[in-house]
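What TrEMBL says about this one:
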DOMAIN    21-166  domain 'Orc1-like AAA ATPase'
DOMAIN    215-282  domain 'ORC5 lid'
DOMAIN    313-432  domain 'Origin recognition complex subunit 5 C-terminal'
Amino acid sequence: MPNLEHPAYPAATLLHLESLVPCRESQVSMLLSIFGERQQFSFPSIFIYGHTSSGKTYVMQTLLNTLQLPHVFVNCVEYFTSRLLLEEILIQLQSYSETEQTSHVPCDTFNDFVRLFKQAVASRELEDQTLYIVLDRAEQLREMEVNILPGFLRLQELTDRNVTVVLLSEIVWELFRPSTGCFEPFTLYFPDYSIGHLQKILSQNHPPEYSADFYAAYINILLGVFYMVCRDLKELQHLAALNFSKYCEPVVRGEANERDTRKLWKNIEPHLKKAMQTVYLREISSSQWERLQRDDGEPGQLKGLSAHTHMELPYYSKFLLIAAYLASYNPVRTDKRFFLKHHGKIRKTNFMKKHEKTSNHLLGPKPFPLDRLLAILYSIVDIRVAPTANIFSQITSLVTLQLLSMVGHNDQLDGPRYKCTVSLDFIRAIAR
């Protein structure tokens, strides 16, 4: 008995739709109830949220295309400004025209969009059925003008047309809601796929030359290895397609049959461990990975990002380290000559104190006040830097790291009179 039932659509179409969206029957049934029949006014705005790879975009595209509902589908990351977004919606509306496409009309404001949208819907005979505007990655709307999101939520009221706006996002509605208030959309949550759902979805893609039970056993092994570290359906599909040939090798060579799961597991286990090192990274291409499997390469042969793991310091921390090093080894009287662009004439003198004839690196770093550190920082950074909390927090972190490096050397700590010094060894240790 089919799970999807609706009097406005043929049973065969709903049965085909159910086969295309496995494990999402309850969400599709809810959407069909909200949509109603073609000519009925639907809810003005729907907000669908859930983690990545939970089927939001796929379900909406499959639902609208299978039922042949008029819709506009726009990715807000690709059209990242309000003008690009509004104009793209109007351009896609032209695809429903039976006549030649009209010339491009600029749309600078949301008022212009409302006026042009009413003209487009009226001229293309879309008034007798619901038009759906789907905005994928809708969290980008928060970066646009403040009237864009409230305007889309009330688009049905503003245009007096049968239109429904569907927002797809990975964050909750509470992070969207403007402080000035807006029309509350109908919210629908897409939960993560369980291990049983992933098993069912991945098992549908079995090759025709192998039985469904054999491929289902392979998917069960794959999920047993990767499910704790990866719940992304797309990533698991990629891993399943990439490693299946290695799983089938004993069967192809005649060393085992499809029911010898122990032999098949021993053959695939080391290769799945190597694949575990590069989950999500895409360090090498699929062809390179298959070549590495044929050559029985070791995990150490992967020369991708994981083979060159390093720590990247924050932007200003690098300049703070440089400024601290310069303040530790240069005398105060040289700051004017080194760090001022227009320091004027400096009288040359051969007078040097006795201890200054020795290299400063042999004498070790000298203490310096915080004001001098910030003055040197402002002079070596090209852009204008404001003394914000971010700068001071990075200074605190660097000082904390140095204090931790001095644990066990009590002679270097002078209680509350301790002043910061940065040595060359400390900079090298941080860089490593």
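Along the chain as shown, residues are numbered 1 onward.
Placement of Cβ uses the backbone N, Cα and C atoms for every residue, glycine included.
Source: prediction; values computed, not measured.
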Averaging the pLDDT values of the domain 'Orc1-like AAA ATPase' (21-166) gives 90
For the domain 'ORC5 lid' (215-282), the DSSP residue counts stand at 48 helix, 0 strand, 20 coil
Residues in the domain 'Orc1-like AAA ATPase' (21-166) per DSSP class, helix first, strand next, coil last, are 68 helix, 20 strand, 58 coil
